[in-house]
Structures are given as structure tokens and as C-alpha cells.
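A.B. asks: Marked as domain 'EIPR1-like beta-propeller' by TrEMBL: 149-263. TrEMBL lists 101-143, 144-186, 187-223, 231-264 with the feature repeat 'WD'.
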Amino acid sequence: MPAFKTPFNGYAVKFSPFYEQRLAVATSQNFGILGNGRLHVIDLSPAGPIAEIAAFDTADGVYDVSWSESHDSLLIAAIADGSVKLYDLSLPPTSNPVRSLSEHTRETHSVDYNAVRRDSFISSSWDDTIKLWTIDRPTSVRTFKEHAYCVYSAAWNPRHADVFASASGDCTARIWDVREPGSTMILPAHDFEILSCDWNKYDDAVIATSSVDKSIKVWDVRNYRIPVAVLNGHGYAVRKVKFSPHRASVIVSCSYDMTVCMWDYMVEDSLIGRYDHHTEFAVGVDMSVLVEGLLASTGWDELVYVWQHGTDPKAP
């Protein structure tokens, strides 16, 4: 499939849970260090080029994006000024963002919408906190403050509406239950900063973490003394890790080594695919819930690729 060129550096890409051809892309100017941002919504076409159906400009970089699980037109964006912004594609650009939630005191680095409860989302920030929000409230419901350094990623459990995981530069991943006063589990998962985490979509006790140490580790929270699997193969820090929505043991990752890798952590030769189509850091990756094997990635080379696993991402 053809690539989509963004004016700024890619940071995150997410498939719509409602429309199989639709994706959202978060981008930041000047590698996210200083400057503006833009949130793109694009549609794939079977025959022609990728079409942009909406773009929203921000004064600061956009680091992450998450689709609402309840409204097909609603998007949530993590912004470098510490805000969380809500966009509605059914409204004209001048009416967007429909809400700007400014509580984090440093950059908001990740957002994740609750797929079970469908009215709430979490944001994680370089201010060391995670915040819980609901769609109808102008202020956060709760702030989770235990991490000792930037929280790069927070992800809801796919089956339990109150449970989420977080990954931090303090070298721990934590499991939280919003009904409990503090974290319910601390995983000293890596010896270096942890950049990403995600839950297995078929086993709600299994999570994956990825780190600056170049590895991905898979953990069973019922017995987390040693990891279930350690996946080595990236040459630099692993920026994002994501479990397949279709195959229980399959994981996709992207790295500062400019590659996207696919793994099956249940088999001995766990690396089952490597794609080196990016020419700069690969920092965003996703798998389609609606089309099995469909992948998307973005990076600092200002390109978004969408391809079927097993095919060449650069093939027209």
C-alpha cells in the first residue's frame, strides 16, 4: 500500500475500532523537542492513495492518540504542553478541540481509552503521574502518583474495566485497580527505562514491557518473579510494544533501530517478521482489530506505512 507523508515527525498511529480503512496519526514538529503538532485522520483506499479526511493543528507536539470506543468520531490526543485534547470528526475544524484538559504539569505522553467501560480514559505524563478521566467531566476523576520518573505508557486491561498497567522511566511497571488506594503490583521489569507496556488480549494476566535495554519481556502477573519470555532482536531501545488482537501469542514492536518486528513469544524462534522500511526512528505501531494481519507504523521519517503482515510495506 502507498505510504502517507506527514509534514511533521510521526509519533503514534492507531486504527479506528469502527472503520477498517481509517487511522489516526499523531505528529510533532522538530522531533517533538520544540514546535507545533498535528493530528491527522486518514482513510485507506483499495485503489488510490491514502486520503486525509481531517487534520487538527496544535501549538505543541502530539505524542499519542486514542480512538473512543463508544463514539466513532471521537479522538483523544496527548499533547506536549501537558494537556489532553478531545476532537470530534463530526464537527467542523473551528469547533475543535471540543475539550482541552490541562492538569498534567509536564508533557502528556500517552492516552488510552477504556474498551470495557467505554466512558473513561487514562493519560500518562512526564510529571510521573497517570490521570483517570471520563468523557463528561472537565476535571480528572483521580491522579495516580507512585512512579519516581516519567510515565511513558499506560494501558487498560482488555477485560477488567478497573485495571490498568503503567510503564515508567523508573524501571518499573505497575498494575493498578482504580478501586484501590495504590498500585496492586510493582514489577521491577527492566534495569533501564521502560518505554511501553500492553496487555495480552486473550489472557488478562499477561503483559508485555519494552525498554531502553533493547528487550521486550512478557510477564504473567500471577507469578512475576521471572518473565514468561524475553524477546531480543532489536538493536536499540524498543519504543512501543503491542499485542495482536487476533493471535494470543503474537506481539508487534518498533524501535529506535528503525525496524518494526513481529514476535510469537510462545515459540523458540520468536522473531517471525522484521520490517526495515523506515529511515528514521520507528516510534509508532498498531495492529488492526478489524482486519487480521493489517499493520501500521510511523516514525521520525515523516511517513506512515500500512501493510499486510508478510508483504513488503513499501510495495505499491
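Just so it is clear, glycine is given a Cβ too, placed from its N, Cα and C backbone atoms.
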A.B. asks: What average pLDDT does the predicted model assign to the repeat 'WD' (231-264)?
C.D. replies: 98
A.B. asks: Could you break down the residues of the repeat 'WD' (231-264) into DSSP helix, strand and coil, giving a count for each?
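C.D. replies: When I sort the residues of the repeat 'WD' (231-264) into the three classes, I find 0 helix, 19 strand, 15 coil.
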A.B. asks: Which residue counts does DSSP yield for the repeat 'WD' (144-186) in the helix, strand and coil classes, in that order?
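C.D. replies: Each residue of the repeat 'WD' (144-186) counted once, the result is 0 helix, 21 strand, 22 coil.
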A.B. asks: Where DSSP helix means H, G or I and strand means E or B, what are the helix, strand and coil counts for the repeat 'WD' (187-223)?
C.D. replies: 0 helix, 19 strand, 18 coil
